[in-house]
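S.K.: Dumping what TrEMBL says about this protein:
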type	residues	note
COMPBIAS	17-27	compositional bias 'Gly residues'
DOMAIN	45-108	domain 'HNH nuclease'
REGION	1-53	region 'Disordered'
Amino acid sequence: MNNENAADNQAAAGSAGATGGASGAGGDPENPFKRSKFSRANKATTEAAKAKTEVCPYCGERPPSTLDHIKALKDIWESGGKEMTREVRSRLANDLRNLIGACKSCNSAKQSSELGPGVGQWWPKAWNDWWPFGGP
Ligand SMILES: [Zn+2]
């Protein structure tokens with residue numbers, strides 16, 4: 001039993017060492033992103049965000065029924081949020097300037113993607129060259 005566990009641990013450590021550093025995009029396995037690392041925006045802020053636009057700004061068609069973090073929580077986490085206290089990173093994430101109402105369809109298509117036209121980014125089809133948030 002003990003010998004088997006030791007062998008497994010060694011194998012796991014070995015493979016992590018072999019790929020460590022080069023992977024990068026996956027985040028820190030010791031301190032992974034979880035939704036619970038951020039508090040939720042309060043009701044007033046949520047309603048204010050949804051009231052910014054009459055229709056979802058990503059498709060320009062459907063009602064903005066869900067709350068979208070323009071800079072995704074995972075993105076905030078990985079670009080320094082994990083070094084902050086939960087309160088500070090939540091305040092950053094739930095700043096009204098980072099919130100917008102989006103339809104369910106666009107919000108689930110966007111997920112944790114960064115907005116932009118590049119590889120691995122999500123760019124709403126309706127936008128073309130239009131950028132509503134003060135520059136990418
Ligand atoms: Zn939409």
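Glycine is no exception: its Cβ is also placed from the backbone N, Cα and C atoms.
It should be emphasised that the depicted structure is a prediction, and the values quoted were computed from it without experimental measurement.
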S.K.: Please average pLDDT over the domain 'HNH nuclease' (45-108) for the predicted structure.
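M.R.: On average, pLDDT over the domain 'HNH nuclease' (45-108) sits at 95.
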S.K.: Is it possible to list how many residues within the domain 'HNH nuclease' (45-108) are helical, extended or coil according to DSSP?
M.R.: 31 helix, 8 strand, 25 coil
